[in-house]
Every structure is written in C-alpha cells, then in structure tokens.
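Worksheet for the structure shown next.
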C-alpha cells in the first residue's frame, strides 16, 4: 500500500482499512528497499485490486499459464512432495545403485534420455520442490520466459556434453554423454558444420538462454559485470539516495521533528522499482506530503487529496508497478537503523487544545485518528526495537570489576591470581655470561674451528649461546667439542642444540650460576595468559628466551610427566591444579585426583571441583579409570544422538536450547563439564593392577579427547614396564624433568636430553605435533599460596561427589567360563585384534601376540565356540562374524559381565518413542524420580551425574 504521511497525520479514518494500510506503510518504511518474498496471493491480489478500482463488471481474462499457476498454488505441497519422492528414487538408483528393479528401470530411461544429466536431475527436482514449499510462484510472463530459457539451456548443455564425449554412436556411450536429446542436438551440428564450429554455436545459444531466463539484456549484463568487478562502485554510491524509495519520507520526518519549515517540493524522477503487493486490499493513489501544512496548534487540516479516476492507462501502470518480477540484481543491502538512531527522532505529540477553544466535531474526530495512528506507531517501535521513544532512557549497567561466573542459580567467583606471590624482575645480563663467551671462544681457537659466538638468550635457569659457523665448517665439529666446552665452562650439564629452531645457528645451553625462581603468579598474570579465556589453560613456566609459557590441556590433550625425585614433577602438578582453580569453575572443569603417596595432593581435599574424594588406593584408582571409560562412552552416545562431534558443540546446543529430549524419553540432557584425571604416581598403579590400568588408560587416551576427558600421568620411574608402548603411543604430549639416565630420557621423550637437565624445575616440553622439545623452567608455587587459593574455592561451594566412581564393578557378577581358564587376557587381545582387522588367521595371532601355534589355535577355537569367527576353511582365513561396532559388547560378555549392564544408547522405536538399546519396555534400572514426576536418568551405569 502506498499512502502519504499526510494521510496519516490527518487521521483519515473513513474506512476500516485505514489502520491496515498504516501497518503496511510502517512495514514498508522499516524494511525500505529490501525485496520481499512473494506470496501465492500477490498475483491474484494485484489483479483483483485493478478490477475493483476500474469499476467494470467484466472479470479479468485468465490465460492457460494463469490456470496452471492457480492449480500449482492450490496443490503446491503435494507437487513438492511428489518431486521429492521422485528425486529420492532417482538419487538412490543413479548415485547409490540401490533403487531396485523399478528404480533401475527408471534410471535407465533417464540415462537414455538425458545421459549424464541424470546425475544432477535429483538436485534439480529438490530445488524445484523447495521453491514450491517456499511459495515462490512467478507471474505468467515470467513462467513463459523462464520455461523457454531453461529449455534452451538444457538442450545446449546436453548437446555440448555429447560433443565433448566424442559424439558416441552407440547407446551405451550416449548414456554417459548427453543421451538421446544430446545426440539429437549435437549430431546434426557436427555433421553440418564441424565440432570446432558446433561448440561455439551452442555456447552462443546457451548464453542467449541465460539472458532469456534472467530477463536482462546484454547491455544490462555488461553493467552488472563492471559493477561486480568494482568499475561502477563510485556511481553506485552516488545514486544511493536515489535508490531509496522512501528517502524523501525520512527527510520530511526529520524536518518536522526539528520544527523547521518544509522545503519547496521538487520534482522526483520516476523510477519503476520491482516490488510486490503484500496485501489484497486496494491501493490508493499516493499523495505528496508537501500538500499538507505542518501540524501546529490552531491550524485547520487541509482538504483531503483528490483521487483521480482510475482508467485503463493507470490500471496498466498499476499492474506494471505491482506485478513486475523481483529484480535480477538486487540493490545493495543497507543496514537497519539502530536503537540509538531511532531514539533521535522523538514522537510528535498531539497538540493540546484548551477547553475554551474546542474545535469542531470534525476536528475532534481527525485528532482522535491522529492520536490513534501515533500510538500504533509508538507501539510498533517498541515492539521492533524494545525501547519506548517517549519513555525515560535506560540506565547503563555498571561494570563489575570482579571475575564472576554465573551459572543458573549459582554464582562462583574465581580465586584471584593476586593471591599468588609475584617474582623478582628477570636478569638479562651478568658477568658470568661474558666469562662463558670468552671460554667458548677460546675452545674454538684452540681447535682451529671457524666459529664465533654471535649472541645469547638468558633464561631463568640456563643461557643459550648462539654459535655461527664459518664457510665450510661442519656442524659435527661443534658437537665433537661438547666435552671440551663443558670442561671450559666448568659444568657437566652442557646441552647442544643443532640447529636452533628457526635460526641458522648452533645453540650451546649452559646452566646459570645465579638461577632465578619462576613464580606461578607471574605466569598467570602475563598478558598472553590473561587475554586467553580458555578455562583449561595452565601455567608451565618460562622458556629459555625469558617468555612465559602456558598451554591448554585441551590441546595436549593428554600429558605424560616424568622425572626423578626432586626434579620438579610434584611442583608442576601443583602448578597445574592451582592454574585450573584460578581459571575454571566447578561447572566447567571437574577433577579426579589419584595420589598413591597419600601426601602430595592432600591440600586439595574438599575443593568443589572434585568428582570423588582423593583416591589413594590403587584398586579404587583402577575402578575410577574404568568409570571414566564408561563416562566417555556415554558422552559419545549422547553426541551421536545429537549429531555433534565435540563436547563444546554439545554444551553450546544445550545452553541455547537446540537439543530437546526425544518424545517419550525420560532422559534429561545437561551440559557436560570437562574432566581432568591427575595421577601423581603411575608406577604404584601399574604394580598393583597393570592390565586393567593400561587398558583403561589406552581406551581413554585413544577416544576421550572429543568427549572432554583428559589424563595427566606423572611418574618418577619412567621405565618400560611403567610407561608401556601403548601408553606412549596414545599420549602425545610429554613433559620430562631431569632423569637419572639416558634410557629413561628415551622412554619419556623418545630421544636423549632429559639426562642433561639440572633439576629443580628444569624441563623439556614436547606438545602435540611439535618436532623438538622446548626447554622451560617450571613455575613454582608455595604451600601458603596453594592453601590461599584452595580456601578461596572451598568457602564458595561444597564438593558434589558422584556415587560409584571408585566401586569395583568387576567382582560382583563376573563368571568366566571354565574352558577359558587363565587365558582371558590373551583371549580378549585376540578378539580385539581379529574383530578390528576382520581377519581370522591363526598365523596373524602368532605374529601379533607373540605366542606359539598351539595357543593361537586354542584361542581361535575359543573364539569359534563364542561366535566370533566361523569354522575352519583349511588354509584360508576364517570368516569374522562380529562387526567392529559390536566389539565392546563381545568383550563385555567374555569378561563374564551381564550384557544388560553395558553402556546403552537411545534410539527411536517403532512407535516413534525413544527406547534404550538392549532394554525391553519397562526396564528402567538406574532412574530416579523426583516429586514433580520428572525422571532423571544417570549418564552412565556407574552412577555418573554428567
């Protein structure tokens, strides 16, 4: 609807459609030149409007295209669903080859008709169905034009495919080319001309079909190309105001709001803008705003504008302005006015007339209509922007300087890093550095090595001296002098780095005589650490160049820490835990602490981040690791059901409300916190239950990264029986403190270097994906600092322990078959190997498990009796009857446990309701019902609450 602002100001309430017209005007003002989606009523509405305004009795003529459009409008959904069904059948038959006899027959017909076009036909049908579902029905003229242009494009494309395929004469070749249609188009052109002329001719016709489909000319296409590549950017900016259909209304509103007089009316160039009617009510002729004076007290309203009779000429213009299809190249999008910009235009209040000067009844009705119109406008602005233009401005919220994390009803204040003691300023140079430079230079001079010290980087523990070699000098000459350099600088802990990463120089690392202590407070208060909002970022220390080093546990994602007694391993564990307490809330990160020594992690007892009290017994530690495995499996099942790949995406969807409980399910989804399990001494656990501990660690480190579960394994005895090959393979990040031998260094780092460290926090750190270790000085935190941070966390919340974490779930109902005997561990390994590789070979078991032929044959017989593999087929490998996704269930059964206790996932039943996999109706084992009837299902059978 097009109605002038003067009509609104005069309150023209002569019929019931005035306020509907006002709503349309308000919508058009707010959405200015944006193209709107056309409804199925638009074409018929514009035709009916013209018919009513014309006043004639003859109904509008309807063409065959119009009748077809009416039929499509009435049956759009049915046609769309039919197209979707055809597309599914074609896609299954053409793409996947699973269409069955009927689908294959249909696919053959389509291939014979359009050849390679059958591959894209399902996509085209889906696009047409979506267009029908979105109510996109062009006017009859556009249908004719698009139909002709699309047919031309289709014929040309099939002809080109036929020619590019070499003009096959056999139908088998035409099925993969352009089909019968492509041969019908391409073969005559090639016979009449040649392939070198037929291809350009088809491209020209194809270009004409594109112009026909889009409805533009070549000149308009050239203008679009120049504008697209930036040649017409200036002209487009200059004409921005002219493109705005309602720009003059905005200027008049600003003029009236400021109280200035309106300027003289200027002729406005006519511009036909492709717009569609959004209302079926008849449109009135627009009256210029300049014909009405400003609203001032005592000013009588002017006469209403006269509406010229609508003749055939104006009817045609109305049809042209309301029924033109949307523009092919839309105008540049303009941003909507913000709330602050909207508030700059105060609403014009109706003037108050004293009782002595009561206007005539006509004036009263007009002012009532004006007041109603303005009130509607104000309500619309409140609804759109959320602010009242006539109301008082909202107060700005005050900034809260504290670090407060709010989650629902609980508000947790992170302990401040200011509780930690800051360190002394770092030194950059000392007399010792000059003396060592002279000593290294003398060694090079004595052995006639063309090399020189070009610089050094002083760290808190060691200083790295950069050696630049002369032309033709081998690096091996420097490495062969390692013992002589150590003798010259009077220390045995000299480490050579060949070369320094990122530099063309050899590094010689010499310990500092005056070591510096790195405080954890300095690391956590470093700008790079403060700017990083990752709650799992931990402070490691300071590198050899004097920069603070921090790293996220999520990126590790599992860490192996090793070092001899007094090397700084326990200090690092304390730094890690204090870092987590100062950066993460209990809702974000939960902890499982395993302390076989019973004294290292005692200060952290009672913090709200704990899932279970600090574990000191190895048997309970093994049960806790098994609980982590079950928790990991349950999380993966939930992520599978919600179709996410990482716990971050799952929590984001939970908080935004995108994940809803399936119909009929009693499960209540909650956001999962990250879980970090810290084992202070792995050697004690491996001595007690090595098989169970290793199996749980391997499963967690292999799969738990995306589930938000991370392991930090520390040991002071990095031998091969503690840090096994499977554990090393699946723990990518390593932190090595000083070790007692080169063998231990190779176990933890797969290379030497840790035996050269000087202890007391000196470490080599290899994060995931790094090629060479980075030497750092670990951060130190005192017992008083630990106590202060722990108390700040404990006073805010009590620990919410989870039941069943440390319960031994293996000795209750396990009944191992008698024929298995003591071979259960070997049988489990054999089953996992066979099911994973899908090869049932006895010789493979011999090689992989390093067992004899007799035992391998016995294991194969045991697997045959339990349905894992089929019977023997002579020299051929046996058939594997268990799929890889069924491995966990078969292992669970072989251990003698009840299969019903295995982790379950929910799937959709036949009746449309969610049912747990493997449970019958009415089987609800661990459900707990609340007073309001809501049943919360625990996340895993061990009793986890996440």
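Positions of Cβ are set from backbone N, Cα and C atoms, glycine also.
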Swiss-Prot annotation of transmembrane segment - which of the ranges 114-134, 219-239, 240-260, 261-281 it falls on: 114-134
Residues flagged as transmembrane segment in Swiss-Prot, choosing from 44-64, 170-190, 191-211: 191-211
Among 78-98, 146-166, 191-211, stretch most in contact with the transmembrane segment (114-134) (C-beta, under 8 angstroms): 78-98
Chain residues in Cβ proximity to the transmembrane segment (191-211) (below 8 Å; excluding those fewer than six residues from its ends, i.e. six or more beyond): 148-153, 156-157, 159-160, 163, 167, 185, 217-218, 221
